[in-house]
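Here is the structure we will look at.
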């Protein structure tokens, strides 16, 4: 691949990768920050979108229009929902859904935006590359499954229980991925979501998030950097 885009919501989620760019250039527009340069010989643009679905969609649209990448990797932190998952574990998306959209009365699935797919499937090649990179990162525990998105931080037990009931197979919840996936779907751009867990949903999530965001950001960045290197070698 000639050009890879990486998207994270917060500075903590993108700065490690951005600091490794050669010939780094930074620009800001409409609330989004773009870092461009080369990583392991691959042309890369890194977007810090801001938190939440609207910020993610706006930033991703700007990114796709201005830079026209061959693929998008969404990285950063998430809250874990899988019973066997722990802080620092990495989740690769098998599919991505909204968990806070309700148009069921019109015949849509819960979580489905009208006239859009109920779930967004990541690019199989990008998922395979992510799997291959796991072998070289022995210290990371990695799972693959459903990642759900909503404009809510999962610290409330009632919200956590409701999400578990509606999406029993969900491994991770966060606040941007489905908006990024939906935008990529509309533009026909391949994507994958790679998230490291900063907290386990419902278990003092607000406290553990602050304590472990750096660990989660480091683990997700390690995975993404390994993917960029492998994708560059294969191109």
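Keep in mind that glycine also has a Cβ here, set from the backbone N, Cα and C atoms.
Swiss-Prot names 154, 175, 176 for binding substrate. Of 59, 79, 80, 82, the residue it gives for the same site is 79.
The record assigns 79, 154, 175, 176 to the substrate site; their largest pairwise CA distance measures 14 Å. Annotation: 79 are the recorded positions among 13, 79, 175, 176 whose CA atoms are within 10 angstroms of the CA of residue 199 (active site, proton donor). For the pair residue 176 (substrate binding site) and residue 13 (active site, proton acceptor), the C-alpha distance works out to 13 angstrom.
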